[in-house]
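Single-structure report; data block below.
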Amino acid sequence: RLPDAALLHLRLIARPGSPVPPSPTAYRAVVRCLVADHGRLADAVALKDEMLASGFVGPDPHVYSLLMAGFVEAGDGAKAVELHQELQDKLGGEPVLDGIVYGSLMKAYFLMGMEEKAMDCYKEVFAPESEVRFGTESYNEVLDALGKNQRLEDALNLFDRMLGEHDPPLRITVDVRSFSVMVDAYCAAGRFEDAIAVFRRMGEYKVVPDVAAYNNLIRHLGLNQLVDEAEVIHKEMGEHSLAADEETCVLLMEACFRADRVDDGISYFDRMAELELKPDASAYHRIVDGLVGLSLLDKAQEYFDQMREKEIHPSIATYETLLKAYVGVGATRLDDAAKVAKCVLLDENVVFSDVMRELLEGALRGEGREDDMAKLYEDVEREKAEAVLRAEEEKTRAEALAREERAARRAEAAAKDEAAAKASAAAIEAIIGHRRKTEGETAEPASTPNALDGGLLSRLGLSSPGQGAPQDTPIISTETKGDGQEQF
């Protein structure tokens, strides 16, 4: 995702007199990127203002919905309500007839503790006389608002309405996310069997679950120590020809850890190698954190070392988890804590925080090892200098090797050219010899080659007797008599 590049290009096509003006979809895509992927709410609001000022696009409910959802996620319900009011004002004070904004508006009211206001909004937009239009996405947002705020019965009623209106391909009102939202609602209410049952109903409505939907259900089951049920869902996933991804394996690992099935959890993580999956820094952090939580520090260290061997940069959270664990054990593991601190100081991708520094220094000071910290810094500076020197040497070697390779390629090319020239000369000589033989050397003196022979020989840099004389003209030679006079 390149939000700044997207902003630049959008602003270019939004200039006055642009031959290709931006569409609402363009603004939605960039606002979604800014809000959902990068949390840049201020930039997204500024872009919304530019959209309104450009004159190309009017007040778009989808753009406002994305902004409202972003502020709700950031905990600012009042700003979300303010944006809804602004949209309503831009539309002439009339109610917004696109249902996409109402899920975020209800979430904002719930966030502000205004449950009655949220439910009044819900009843108003779903009243029989309401003209508000709802599609799959807008239905899902309202369903999510109800499910996440302990309004399960209302969510069930709305879900039944969505199922009743679902008539593919003419009208589609439920999708994978609709069922996942209901899974969330049931699990929030502790009704896990119902969550599994509604998940399995997707096929009845011609909805195909994806890996993300399976992972969502497995996550809920794992969080509640329902490992056996999670493994059954994982098995069904394979039966539907869906391959587990890295997130699936990590979720099953965490579920096993919570159920005190440590070996099974580690097995799920290790299985990723067999499945040709590549766990990232986040996945490694979760296994390290899980093993530390189970007081298996040596095992956690193994996966930390494995991560670094694979050149996966640990996050600062992984470093801090290990360092805190070693310091917490006491004097016997302070050397290990110092090694972790050294890794942090040598890693240019993270910063050794003051909190971690004080934690380690305090632990060493408590054991009378104040000088160890100074020695640690000296070792780090020395190794950094050595690393710089090695990098320079490697660069020099690489440049020398590149020069040698270029010289070798040039020599090889020259040798090929020379060999090709020799082969061509030999072939031409063979052709000339064959021609002379077939024409008969008695019919024409060998010393007077025809024009073709002369041309071929001259191209090869060769000359022959009589070259340059007109064809069929006898060659004039001179002889010197004994008295010094030349005779023609």
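The backbone N, Cα and C atoms fix where each Cβ goes, and this holds for glycine too.
Unlike curated entries, TrEMBL annotations are predicted automatically.
Source: prediction; values computed, not measured.
Look at TrEMBL and you will find 135-169 (among others) tagged as repeat 'PPR'. Non-local neighbours of the repeat 'PPR' (135-169) in the same chain are 65, 69, 98-100, 102-104, 106-107, 110, 115, 118-119, 122, 125-126, 175, 177-178, 181-182, 184-186, 188-189, 191, 205-206; each lies 6+ residues outside the stretch with a CB under 8 Å from one of its CB atoms.
The repeat 'PPR' feature in TrEMBL is assigned to 175-209 (among others). Residues 136, 139-140, 143-144, 146-148, 150, 152, 155, 159, 162-163, 166, 168, 216-217, 220-221, 224, 226, 229, 233, 240, 242 of the same chain lie 6+ residues outside the repeat 'PPR' (175-209) yet bring a C-beta within less than 8 angstroms of a C-beta in it.
Nonlocal intrachain contacts for the repeat 'PPR' (210-244), taken as residues 6+ away from its ends with a CB within less than 8 angstroms of a stretch CB, comprise 176, 179-180, 183-184, 187, 192, 195-196, 199, 202, 251-252, 254-256, 258-259, 261, 275, 277. Residues or ranges marked as repeat 'PPR' by TrEMBL: 210-244 (among others).
If one looks beyond the repeat 'PPR' (245-279) by at least 6 residues along the same chain, the residues whose Cβ comes under 8 Å of a Cβ in the stretch are 211, 214-215, 218-219, 221-223, 225-227, 230-231, 234, 237, 286-287, 290, 293-294, 296, 299, 303, 312. The repeat 'PPR' feature in TrEMBL is assigned to 245-279 (among others).
Sequence-distant neighbours of the repeat 'PPR' (280-314) (same chain, 6+ residues past either end, Cβ-Cβ under 8 Å): 246, 249-250, 253-254, 257, 262, 265-266, 269, 272, 321-322, 325-326, 329, 333, 336, 343, 347, 349-350. The feature repeat 'PPR' is assigned by TrEMBL to 280-314 (among others).
With a cut-off of 8 Å between Cβ atoms, the residues of this chain six or more beyond the coiled coil (377-421) that come close are 342, 345-346. Among the features that TrEMBL reports, coiled coil is placed at 377-421.
Under the heading region 'Disordered', TrEMBL lists 435-488.
TrEMBL lists 452-468 with the feature compositional bias 'Low complexity'.
Mean pLDDT, taken over the repeat 'PPR' (245-279), works out to 96 on the 0 to 100 scale.
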